[in-house]
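The next block holds one structure in the form of C-alpha cells; read it before the comments.
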Amino acid sequence: MKLRNPYLRENITGYLFILPQFLLFLLFIVYPIIEGIRLSFYKVQYQKETFVGFDNYATLFSDPVFFKSIVNTVIFVVFIVLLTVVFSLFVASAVFDKNAKYVSFIRGSYYIPVMVSMVVMSMVWSFLLSPANGLISYMAREMDLSVVNLLGNKNTVLPVIIFVTFATNVGQAIILYIASMIGVPKDLFEAAEVDGASRLKVIFQILIPLVKPTTIYITIVNIIAVLKIFVVIQLLTGGGPNNASVTMMYYLYNNAFKFNQLGVASAVGVIMFIITMLLSVPQLRSMFKDK
Amino acid sequence: MLQPNTKSKRQREKYDVVSNLIVAFFAILNLFPLYWLFTSSMKNSSDVVKMPPDWWPKTFTLSNYFEVFESQPALRWTFNSLYVAGLSTVLLVITSSMAAYAFSKLQFKGKNLIFVLLISSLMVPKEVMIVPLFRIAQDLGLVNDLHGMIWPNVATAFGVFLLKGFFDSAPDALREAARIDGAGEVRTFLQIMLPIVKPGIGALFILNFVQVWNDYLWQLVIGQDREMKTLMVGIATLMQDLNPNFAYKMAGATVAAIPMLIIFVLFQQYFTRGISIGAVKE
C-alpha cells in the first residue's frame, strides 16, 4: 500500500495494529455493558422482551434475599480484604530481607493454593468440613465444641468462608508486597539502623508508608475479586443454610441460569458494574498519574 | 538485621525471630489441606472416612484415580482445558502485543483516549455482564462450544496493560535504525521489537494461561454437555456426584490440581516477576 501522505499513513498503521484487540473489546466488553443496562429495564421471556422501566430494580430491592446478598458481600469484602492486607504485610515485612531460598519457600507455600485454584481448594475444605466425615468436624466433636457442622450453622458459615477464601488467596498479596519491599532503597534502612531504630519502628515508619501504592493496588484488586465471589459459595454452601451465605454473584447466577429471570439478573449486574467502576477510580487515577 | 550480610553481628531482635517463626509455621500449616488432599486421594473408601483418621495412609491405592478416569471423561476435560487456556493465551499474546506496540511506539489520532478506555475496563470482571455475554454467545452459536469460552478471555485489556510497559522501555533508536535499513512497520515489529519484549510475553503467557485454566463461572455456563466441560468445571461436578466415596472426589481434585503445580514449579520465576510487573507500575 503506497500512501503519499506520511501522516495519514502512520495513522492507518496505528489503527490496524490495535484493530483486533479493539474489535474484541467492543464486542465482548463494551457491547455487553450497554446491552446489560438495556436488559435491566426489560422483562425477558425467551425471545420476547417487554419494557418494564425500573420494575426489575424494584423487585430486587423488595427481595430480602437480595439484601442478604449485599450484606454478605460487603462483610466478605471488608473482612477478607482487611485480613489479606494485614497478614500479607506481616509476612512480607518479616521475610523480605532474609536469604533468597527462605523467601522463595515462604512465597511458594503461600502461593500454591492460589495456583491449584479456588475450585480444588473448595473441594478439600468441603471434605475437611463435612459434618459426617470431615477432619475438622471430627476435631470439633473431640473438643466438645457446641457447633460441629460449621457450614450448616448460620453463625459460623460466614467466618468459615472468610477464612477459606483468605487462606487460599493471600499468596498473591504476599508476592506483591515482597517484591515491593525488596525494591525499597537499602540506605533508608541503614540510616534507621544507625539511629538505633527497632525493627518494628522501621516497619511502621519506613516500610509500610513506602509500599503504600502496593497496598492500594492489593486493596482494589482484592475488593473486586471478592465482590464476584462465587466458586467457594457454590461448592461449599450453595448459598445456605437458608440463604445465610448467599452473595451478589451467586444471586445473579441463580436468577440468570436457574430461575430464568434475565432482566433481574441484568439489574444485579448493572449494580455490581457501578460498584466496581466507583471502586476502581483511585486505582485508575494512580495508573495514569505518571503519564 | 535488615542487612543479613553486615558484619556487625548484633543479636537479632526478638520481634524478628518471633515473627518469622509465626510466618514459617503458617506457611507449613497452609499446605496442610493439600497434604490432606493428596493422602486422602490414595486411601481406600473406608479408610478415608475413618475416625480417628490415619494421618499417613496405611495402604496406598491408585484405584480412585482409575475410577475418575473411567467414570468421567476426565481426559477429555483436560484436553478441553488445555485447548481453551492455550488458544486464549496465544490469541491474547498476538492481539495485545500488536496493540501494545501501537500504543507505545506509533502516533495516531485518539491514541490516548482509546488507551484510557481499554485500561478502564481492566477492573470490570466479565462475570457481572454474564447475561448479555451469554446472549452474545448464543447469537454467535458459541454456547456448548469451546470457542465460546475462548473469545471473551481474549478481549481483556490485561495484555495491553502489561506489554505496553515493556515496549515503553525498548529504545526508540532500534526502531529508527530498522527504518533506515528500509524495514516496514510490520517487519520492525516482528523482527526487532517482539524479541526485545520476550520477557513480558513470557510473563503474560504464564499468567493468562493459569488465569483461564482456573476460570470457572464462564466455562460453567458455556460448556453444557458433559463432554464439553473443562477440567475445573467437570471436577467440581464430582462434588454433587452421588458417589459417597470422598477418596474418589479427592482424586478428582488432585487431577485438577497437578497441571498447575507442575507449571508453578517449572516457571516460578515468571510468576513472581509477572505478578509484580502488573502492580509496580504506579
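Including glycine, each Cβ sits where the backbone N, Cα and C put it.
Lifted from TrEMBL, the feature list:
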type     : residues  : note
DOMAIN   : A:70-283  : domain 'ABC transmembrane type-1'
TRANSMEM : A:12-34   : transmembrane segment
TRANSMEM : A:70-96   : transmembrane segment
TRANSMEM : A:108-136 : transmembrane segment
TRANSMEM : A:156-179 : transmembrane segment
TRANSMEM : A:216-239 : transmembrane segment
TRANSMEM : A:259-281 : transmembrane segment
Distant-in-sequence neighbours of the transmembrane segment (A:216-239), which means Cβ under 8 A and at least six residues beyond its ends: 73, 76-77, 80-81, 84-85, 88, 118-119, 122-123, 125-126, 129, 151, 157, 160-161, 164-165, 168-169, 173, 176-177, 245-251, 253-254, 272, 275-276, 279-280, 282-283, 286
Per Cβ pairs under 8 Å, the stretch of A:12-34, A:70-96, A:108-136, A:259-281 packing most closely against the transmembrane segment (A:156-179): A:70-96
Residues of the parent chain within Cβ reach of the transmembrane segment (A:108-136), under 8 Å, 6 or more residues beyond its termini: 91, 148-152, 160, 164-165, 167-172, 174-175, 231-232, 235-236
